[in-house]
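Visitor: Pasting a structure below so you can have a look.
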């Protein structure tokens, strides 16, 4: 057994420290929780499975991970004392080491006299600790050991007062750590699996086949499912899920037929399952941590029952949304009542349960933390609750069975975690079992449907309206029978995209295996330490005056505290403020400390939970000017320190380049009269670019140089001046370099394509030439100049590419202007153009270069009817890189964008809304394996796919009924082409009295079809359905 019992020493000491910390904190804040007790005693008697989990053994499981019968725990602020048998003491001995709290293990033997002395020692420790001792008054433990202890404790009842400590123990255990939350999540997911994937199917099959089964037999059937290991190895099973750790925390309960107990305190009865309102509740336990789930299923419900259930759903959702860090327990219950009273059935408040749940953990129901009107305890991040909302004794106005359906109850239970402040509503662990009306309603009564089918349709004359029923085929109209070229193209594109998405999903599963973990790794934050002075001799000489001294050289402020100069590094300061009061100027210096949350992140971790921190110091002086001067000095020093830290952070990815090897044997290839972006100085001054052995050199006026090595070039672009005012050679780098004081990954060389010297107001040419001749000549000159510029820049870019071949295989890439589209990647609307390898915007800074091979998927947002623009989001294969957004793209470019994405094998999706990509990428980064296992990027295209498939089904299944003919007759004429419409109008005018018969109209329509190229499609069209009129 020694090999089987392994107590987690670290977890034990952490949780013991949590008790002591909460205890000491309560003493400082007024003894509202622990009741000013000096010691705490927890006694566990003999093991009894019938009693289940209660506060005593829950505390043992929480601390040790095991239940130790016949064991006593004594907690004082100075240490912990354990009395137990010799065998169990062997498992507890290792706990003496590795913690801050001293632990003494007292071995209990068979000598009654020695055992009495041990209890006497414990009683002396209790009396010395204080006049109050904390005990669990409702302790259900029993046995000789417990009886002997209670007798001994009764002997000092006059000297020591017993105080119920249950709520205090509950408050410490209620905030769960990561391992506890993982166990509760696993238990909840398994419970949801039993409810949604077993009970619902089994119950509906029984009702559908009119089988008979008692509530008790059904519950036993569900309870036996826990032994089915194969069932608990389902697709959504958590990683490393161990079926041997499962146990029932709440035995399965099924109620129907008017007998309901929403408190789940009664055993299942022998009554048969009744098709009406069915309530099912159960709870699985994983590694001793419990979960609860309950659902109400409505079989052939009436309108009243549906209305009550919708109110219950609204109340349940409101309660879960109210579960936030800092909310009082009674406010959660009051929120539920307010939702009921503001509904259409406010009288249901009288039928509502007296609480909306309890804390859950090792105990399936913590009676000391109930969400009712009396509880004033505050919810905290990490707490878990079993949220239960229920209506009892609700009257059914139209019961199908007056005995069993006259009154019914409705109940919903979920296991929920309280999230941190700012995150939002509580997280539902049992969400896999749906609660919506569609999922919980079952209709087995088909009488109404049969009546509708048997009801004869009114016959109408086939000649009524402009089009006869025989003219309506399986498609809407004659001209729409064949697929157009666009529809075939769209179908091919959808098929290709489906293949791309499947391939991408398969690659994701292969790349991110089950044990891949977080992409960011697990970085352990450490408390930052700073050193102002290494020796006392380095202190400024003025410290002897015991004044506030700002030492800018060492980034330190020296403060006089209790007659000693104490240095504080500027990095430990948050800010300094001054205020005037009563003739004094008060200087307040605030320090950084854990728990404050600097910005969005708190970079000050708790390394030592028992450590104390100084939050602020305040000094006063009558010299207002000096105090203001000190505040300004501190503020300026803080700004300088922050600026240096930011600059250091910005420079982290800047790589120092090798030296440029210049060409000495010949004159290097050079391009003159260029401008560079980003600029080296504020004034726009031209320079030249030279191609050397291993890189480019830009020579700027004033002997300034910028070197770009071929080994650092990722892409080289040439953009002609067609449709632009400048011609460009653009270099996109692998690693950023410094240009002046800024770092950049994009460097551009350009020349303007316009003639700057041309004077619009007149010159010598204009004195001799007038009119169109001069304008034509100027236009031709402009074209020649632009063509010459393009040729010159293209040749130079190819020379750069040729020089790169010895080092890197880089080709000249040129944007495809015909495939370009307008969008807003940064601040202004620009033309974005695809190239062979990239998607670029090179005209206006900031430039945009997206490598196609770096793209994971593309999502098109705000794609819906009526909007003039849509947005594009580019998700990269490096999930830690923020997605790129291109906003406000005209909807006219949508098909072009889709065609281009499809042609370069990039999977895309589309949706009607803008998504929160920061949250999405955090989820992906946290566990990419689970993300791809749950479907990967398929969630992006769910809505659009569903809509598309619905439309196709709707269109293909369309058949015009006789009732629709009249309403559609006015629209049918507009579907013919213009010639047909004109001809029809002429015939109407000439043959108004007589008109044509149907055979002539059919022949004429067929002739028009052949002229329009629809004769082949006409042959392929399905024949008219039986019963329609044939000609």
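Each residue, glycine too, has its Cβ placed from N, Cα and C.
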Visitor: Between 620-657, 658-695, 696-733, I'd like to know which one TrEMBL lists as coiled coil.
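Guide: Coiled coil, as annotated by TrEMBL, spans 620-657.
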Visitor: If you check TrEMBL, which stretch out of 738-759, 760-781, 782-803 is marked region 'Disordered'?
Guide: 760-781
Visitor: In the same chain, who gets a Cβ under 8 Å from the compositional bias 'Basic and acidic residues' (486-500) while lying at least 6 residues past its ends?
Guide: 898-899, 902, 905-908, 948
Visitor: Can you give the mean pLDDT for the domain 'FACT complex subunit SPT16 middle' (548-698), rounded to a whole number?
Guide: 84
